[in-house]
Amino acid sequence: MYNSSTNHHEGAPTSGHGYYMSQQQDQQHQQQQQYANEMNPYQQIPRPPAAGFSSNYMKEQGSHQSLQEHLQRETGNLGSGFTDVPALNYPATPPPHNNYAASNQMINTPPPSMGGLYRHNNNSQSMVQNGNGSGNAQLPQLSPGQYSIESEYNQNLNGSSSSSPFHQPQTLRSNGSYSSGLRSVKSFQRLQQEQENVQVQQQLSQAQQQNSRQQQQQLQYQQQQQQQQQQQHMQIQQQQQQQQQQQQSQSPVQSGFNNGTISNYMYFERRPDLLTKGTQDKAAAVKLKIENFYQSSVKYAIERNERRVELETELTSHNWSEERKSRQLSSLGKKESQFLRLRRTRLSLEDFHTVKVIGKGAFGEVRLVQKKDTGKIYAMKTLLKSEMYKKDQLAHVKAERDVLAGSDSPWVVSLYYSFQDAQYLYLIMEFLPGGDLMTMLIRWQLFTEDVTRFYMAECILAIETIHKLGFIHRDIKPDNILIDIRGHIKLSDFGLSTGFHKTHDSNYYKKLLQQDEATNGISKPGTYNANTTDTANKRQTMVVDSISLTMSNRQQIQTWRKSRRLMAYSTVGTPDYIAPEIFLYQGYGQECDWWSLGAIMYECLIGWPPFCSETPQETYRKIMNFEQTLQFPDDIHISYEAEDLIRRLLTHADQRLGRHGGADEIKSHPFFRGVDWNTIRQVEAPYIPKLSSITDTRFFPTDELENVPDSPAMAQAAKQREQMTKQGGSAPVKEDLPFIGYTYSRFDYLTRKNAL
């Protein structure tokens, strides 16, 4: 059994020995206190003296063999009868200043535990220290089996310390109280932890500051790198630009020699700027001619193949004999050969004989001609090249040629040839001996609604054909509606009218209006000018006054009609049939042709145009104020359908009939009820011209044209032609550049029956 008390030998001295023990324990306590202060309480705490187990007890308890061997080795160091337990991270055993164990024979029993020494106040050491050296004092005995952590925990709560050597020993204060030492150690631990936390936080803040400084330095470094790269890139670009400029300033041969890349090849440099302007024009002309030659060759080859396939299909559908089919194919082959020879033949003015002049204009004239080799009659339209340049009519001339050449419709005048010389462009077209619609209006003044319905229906079909080709006529008027030999109409003058091309330019009318207001004092629409006479005011206040068909006014209308014909041959023209949106530069479409149709219909039923005036300026004002100026006279009766159709045509572009539905929208109007649109051209016309010969021009004002002088441009061109003929010269090549490809020949001229 484990005995926690210490037995002294009987007969030992009491008083002297007690004084000696008290002095010896004071020295021991001082050394232990000094030693505890020097050591780190977190690493090692001094062990109380005289705490150990006997070797016999360890053997009886069956301790480990290694521990027994260790105890046997240590027995010689501690004297007889005592062994020492190996220290677990304890410092070395204090110096053997206490010879009490050596001088007193102790029973070989287990020594008292540390808990017994520090837990009880009646132990031998405290008794000796207090002067009570009685060896009969009994200490409480605890066996190892009776010791537990719970008992130690309860003892700690009561202020006593644990006696287990396997728990960390605590430092004793001078008064022997363990609880105060425990609190001091815990407070010291908390202080150390707080200091460590502060240090950790300081280290973290320093690390963060250092990281931020590193990031800023890295960003600055990256920015510097980017700036350096940009500067290097700019320098490289500048060097490349300088090299390109140097290369451009040098010829390829020089640059090749400089770069060392020249080989046995020979380099040619294109420098057209070193050539004269005339040479450059000739080179451009040759280029365009070659391009046009191959384009036309491919086009004619495709058309030739299509004609043969069409004929073979037609022959297959008929039950003809093989001999007859062979004759048809042979006839087609002969016509193709003639056409190829005709294409290679260069036509000129000398190939035609002029019968008479049937029309004049600002830029040319219209002649009745006869081809010398065939004797057929044609209408030749002549246009002056120099005026086309000056008046910016090159696009219009080309458009007119394309429309006439690309259309096979019976509603459009047929074009047979087109060619040119140094001064003029020539269009050889079919001759329509019935004249034009203006001639019929001058002769009969008024049309009935049935006659008007017939001609307006044919005009709708003709305009629809032009629109399907992708063109806008923009100059539909009675002068350009021709009558063929059977009395049906055809449209002509596409893009260029004889003397009316300026009416398509709003600046022209604005200029005329400003000049007229500044010089003649003509008032604006709806205003009254007191400086003019009453008679003039009656004719110039268009908004208020309307033309009434009195005898005097009818005479004025007839006079206007005669002057209207002469006006067509002048350079001034009249805007009677032009839509208002053309003047405003607001953009226009195909609906502008339907306005012209409404104006012509008004003239056929009423007897004069809806905005008739004595001057173009007045007509312009009336058209721009059509809502007030469009009036119907009371003494001329027309049907409600006719008036409704006219009003729906002479209105704003967005509300105009035909704007959205095209020609079909106009065809469905009640005024055209009963019209057979599919067979109208086979219907007998209201008027069929009667001719005495193929050169009969009674329906053309040839007598009036004799008194019309040629335009200054035409007169000057005639003089230049005479001089060029005498000198044998030619016009500059520059004037031929826009007209390359203007030449044209129609294949089916050989079989057309309407050519006279």
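Glycine too: its Cβ is placed from the backbone N, Cα and C atoms.
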Candidate set T109, T615, residue annotated phosphothreonine in Swiss-Prot: T109
The annotated region 'Disordered' range in Swiss-Prot, which must be one of 525-550, 655-680, 707-732: 707-732
Model confidence over the domain 'Protein kinase' (352-672) (mean pLDDT, whole number): 76
DSSP state at K360 (ATP binding site), helix/strand/coil: strand
Assigned conformation of D475 (active site, proton acceptor) - DSSP reduced to three states: coil
Cα-Cα distance linking D475 (active site, proton acceptor) and V366 (ATP binding site), given in Å to the nearest integer: 18
